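Asker: Okay, so TrEMBL annotates it like this:
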BINDING   B:Cys346, B:Cys406, B:Cys409  [4Fe-4S] cluster binding site
Amino acid sequence: MSNQSSPANAGISVHIGHVAPLNQANVDTDQIIPKQFLTSVTKSGYGKHLFHDWRYLDLHEQEPNPDFVLNKPEHEGASILLTRENFGCGSSREHAPWSLDDYGFKVVIATSFADIFYGNCINNSLLPVQLESAQIDALFEAVAQDPACQVVVDLPQQQVRFNDQVIGFDIAPHHKNNLIKGLDAIGQTLELDAKIKAFEDQQPAWQY
Amino acid sequence: MSTTLYDKIFQAHIVDEIGDDALLYIDRHLIHEVTSPQAFDGLTQKGREVRRPDLTFATMDHSISTRSLAIDACGPANKLQLQTLADNCEANGIQLFPVGHQKQGIVHVMGPELGLIKPGMTVVCGDSHTATHGAFGALAFGIGTSQVEHVFATQTLKQSKGKCMQVKVSGARPLGVTAKDIILAIIGKIGHAGATGCVIEYCGDTIEGLSMEERMTVCNMSIEAGAKAGLIAPDQTTFDYLEGREYAPKGADWDAAVAYWKTLKSDADAKFDIVVELAAKDIAPQVTWGTNPGQVIGVNQPIPAPEDFSDPIDRDSAVKALKYMDIQAGQKLADLTVNHVFIGSCTNGRIEDMRAAAAIAKQGKVAQNVTAIVVPGSVAVKAQAEAEQLDKIFLDAGFEWRLPGCSMCLGMNDDILSQGDRCASTSNRNFEGRQGRGARTHLVSPAMAAAAALAGRFADTRDFIAND
Ligand code: SF4
């Protein structure tokens, strides 16, 4: 491991994959990874529990729910999750992006994201792509027509491309830069140590 | 320059500006066992240290038993997590209030009651209900574990400035309408993603009239409206609450602090990005019927039908929620039987909540089909309630009186519901499976929860108050 990037921050640029369409709004982090899996003290191994309540018919994860999108053979190996409004709302648990990443998702495309979840994705090199509602509809439609439809998510160009469609998306420049370079945010901030120290020296003691 | 309270606190903490982002200094960092282990691990891997252990405080709350003080009471995984927190705090010189300690409690109950949270501070915790602390006029927000690690190492966080939403609640509060009802009504009005990207400042005479406990209940659920944080400008109520608390300034420092705190308010002509107004008189005791906190109605309103929603997404959510909750459009809440009642959590686990629930509990007995538990938010709340003999009232009425912790708010311990259970809960999330796979959660105030326990179904707390 180098000092500049951890394995989770390897840097992302252009991703090509196919899509798992999760046609639901307001998917909360309790659904993404329920509480009983939060007792682990490590960052890995959450993928098998991703969407546990929806994905399995039993508590012990022996019986997959055939109706759930991730269990459909045509969506096996999907690396792009497509969903709708307010994805990742609720608890701040970073176990949510860890479980998506561990399952094999590299990109989540949604109409909107909850704030904390969005930041957690950026910090784990999971690319959150926000598109307009009509564009999301078009992508759902394309995947319904052809589940194997190849989707290109091009971060440098800020584009999602599939069939003959090209859709641009917005992302803050610093988020884009950090994702592409896989930068270590803490290392960057530590270079500002003198400024942090100067700030601390100005504070009245009663403040704390 | 006319600025909002949010602007003022944000500005006062800028260490550096990086593009559109600011590097903000963090004055208080609270931690617990669930979201910290991977952050400590990250530090160790890089050979980094906790920069300001003196500004960092830890408690055990999520993974602990409410029946036993033994840290292995909830099994080996929970024990390992709790032990890991203890070891990490020890190794890094961080003050920890472990299970059994007289200052232990749910992180958002413990912090304020020790005076750790002061107006104008920036406060973070790896927990979305950090918004609670905004009740003190502190900019307080939940963060992910990578950010916990960032704060450990640097005592700062990169933040972009959010929008500011003003929520103004005016007029006298009708009898039986609590702080919980106010915040549920606000979320019902703006929707549970209605404040995404915003910090909410709550104001208006109804808000000014709330106690600190009540203000914490309101700010706590800011995240359930999608907000980054909630804020209430500090005033005499805030200062009176803080004075004399363990970590509050003393003597000349107190005077200097209060003089500064008094400057912490939005200017009269400050511009807000969004303004929402509610009249207190229009608010009734609230009950959520669905699977997100925005799906909420007054106790006497019928359960809505999907067709009542114009937005197709809302309609779709209503269809799914009615199915999951096993209820029908048009049904009355009073016809829904509950078999569990949970009184506690960082939303409603404070002393005033215990008092409000006890005032109803003393009027009867828990219905036969109901299991009702009361879980104080901290050891201090428990001790105070016992000094007032509220525990006796609960026990006599057939409630269980437990040890402090998060408990059935999320069920990381053994306080968990089963498939098909229906629970009147004073917590903050009614998501599918939140309190147990297949279990149905209805969010209510402590008084409404106690009333449901006695009636065995949802009941209007105002009928009990009239009898009091
Ligand atoms: S009481 Fe519930 S919401 Fe509050 S900190 Fe604990 S688990 Fe989170």
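Keep in mind that glycine also has a Cβ here, set from the backbone N, Cα and C atoms.
Please treat TrEMBL annotations as automatic predictions, because they have not gone through curation.
Tell me about the setting of these features in this model.
Answerer: Sequence-distant neighbours of B:Cys406 ([4Fe-4S] cluster binding site) (same chain, 6+ apart, CB under 8 A from its CB) are B:Asp61, B:His62, B:Ile64, B:Ile106, B:Ser345, B:Cys346, B:Met412, B:Asn413. The DSSP secondary structure for B:Cys406 ([4Fe-4S] cluster binding site) is coil.
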Asker: Let me know how many other Cβ atoms fall within 10 Å of the Cβ of B:Cys409 ([4Fe-4S] cluster binding site).
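Answerer: Counting Cβ neighbours of B:Cys409 ([4Fe-4S] cluster binding site) within 10 Å gives 29.
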Asker: Taking the centroid of the Cβ atoms of B:Cys346, B:Cys406, B:Cys409 as the [4Fe-4S] cluster site, which other residues of that chain lie with their Cβ within 8 Å of it, listed in sequence order?
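Answerer: Close Cβ neighbours, site residues excluded: B:Asp61, B:His62, B:Ile106, B:His108, B:His129, B:Gly344, B:Ser345, B:Thr347, B:Gly349, B:Gly377, B:Gly405, B:Ser407, B:Leu410, B:Ser427, B:Asn428.
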